[in-house]
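Student: Copying in the features that TrEMBL gives for the protein in this structure:
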| type | residues | note |
| --- | --- | --- |
| BINDING | Gly166, Arg167, Ser168, Ile232 | NADP(+) binding site |
| DOMAIN | 6-121 | domain 'Tetrahydrofolate dehydrogenase/cyclohydrolase catalytic' |
| DOMAIN | 140-285 | domain 'Tetrahydrofolate dehydrogenase/cyclohydrolase NAD(P)-binding' |
Amino acid sequence: MTAKVIDGKAFAATVREKVAGHVARLKEEHGITPGLAVVLVGEDPASQVYVRSKGKQTIEAGMNSYEYKLPAETTEDELLAVVEKLNNDPQVHGILVQLPLPNHMNSDLVINAIDPAKDVDGFHISNVGLLGTGQKSMVPCTPLGCLMMLRDHHGSLSGLNAVVVGRSNIVGKPMAQLLLGDSCTVTIAHSRTKNIQDIVRSADIVVAAVGRPEMVTGDWIKPGATVIDVGINRIDAGEGKTKLVGDCEYSSCAEVAGAITPVPGGVGPMTIACLLANTVTACCRANGLPEPKGLTA
Ligand SMILES: NC(=O)C1=CN([C@@H]2O[C@H](COP(=O)(O)OP(=O)(O)OC[C@H]3O[C@@H](n4cnc5c(N)ncnc54)[C@H](OP(=O)(O)O)[C@@H]3O)[C@@H](O)[C@H]2O)C=CC1
Ligand SMILES: Nc1nc(=O)c2c([nH]1)NC[C@@H]1CN(c3ccc(C(=O)N[C@@H](CCC(=O)O)C(=O)O)cc3)C=[N+]21
């Protein structure tokens, strides 16, 4: 069997189109322009690429983009002051502080200083708690993007066995909550999991968020299963070049799976599209307006 390729890049374009439509209506009918502020501390080249891409797509969707680039030596208090200023700025509906932060900062403290209503990453403890109890929240962008693609492919996820590999706060845990919310039977595997291959082989849905290049191979996959590859790993491709690979070995997994997301062009573009979607949702909630349908979990 050769897997159907789930085209995250094309799917993300449709999400961005919907977002742009809502933005246009907010402007026309209410004179409101949603605004997203992205804060980057330090000069990590990969982070700079993502932040640039976020800013560009924010503007393309008709929203206001505010970028704060702070030097690596910024103190935690200085960063907290920027967050506070953005919390109090009515033009800003979404705030994203790019992770990881430099080692001298306490990321939990910084994230929890963001107004939960503006926390478009969905990382604030209030949003984590709301998601865990099935209440309306801001949903983390990467897992939300994965959920949208899974719902689109399967229709209903009810009763399916899902295995999430990875238990980070930003991907693995919220992904597991969303799958549980859609009535999957969810297993979370991690670095201490025994017989991980057998566990993954029991899954109808595999979400890999590990950060280990091509760790999951085709022999781990149940024939016909859906593979969502969250991993973004830049590896040596010889001759001084690098290439981007996921946490799944694409060629061998695609031979066995029923459907698979590629890297690049899978989860990554959906993450940014969901960030824009969350910003519109936050803007509507802040203004007491009905929120867009189909853009939240
Ligand atoms: N496409 C996108 O938009 C995004 C992509 N990413 C990518 O997703 C990947 C994961 O990111 P993130 O969740 O932040 O990573 P973390 O490093 O925070 O978490 C990795 C998880 O994988 C687990 N793990 C590590 N090694 C193994 C192993 N050998 N077997 C099983 N589990 C293992 C760890 O287990 P333990 O807890 O036991 O240590 C941990 O729970 C990365 O490649 C990252 O670049 C991340 C965010 C967004
Ligand atoms: N507060 C915070 N929120 C995040 O959501 C967040 C973060 N910090 N820190 C870093 C990770 C990583 N992340 C990605 C987003 C888009 C792509 C993406 O668009 N990838 C393209 C390829 C990009 C390339 O070529 O490098 C693709 O997969 O096709 C990847 C990774 C968001 N993250």
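Glycine is treated like the rest: Cβ placed from N, Cα and C.
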Student: Can you break down the domain 'Tetrahydrofolate dehydrogenase/cyclohydrolase NAD(P)-binding' (140-285) into helix, strand and coil residue counts using DSSP?
Tutor: 59 helix, 33 strand, 54 coil
Student: Please give the average pLDDT for the domain 'Tetrahydrofolate dehydrogenase/cyclohydrolase NAD(P)-binding' (140-285) in this predicted model.
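Tutor: Computed over the domain 'Tetrahydrofolate dehydrogenase/cyclohydrolase NAD(P)-binding' (140-285), the mean pLDDT is 98 on the 0 to 100 scale.
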Student: Neighbour count first, Cβ atoms within 10 Å, every protein chain included; then name which of Gly166, Arg167, Ser168, Ile232 tops the list of binding-site residues.
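Tutor: Counting every other Cβ within 10 Å of each candidate, the maximum falls on Gly166.
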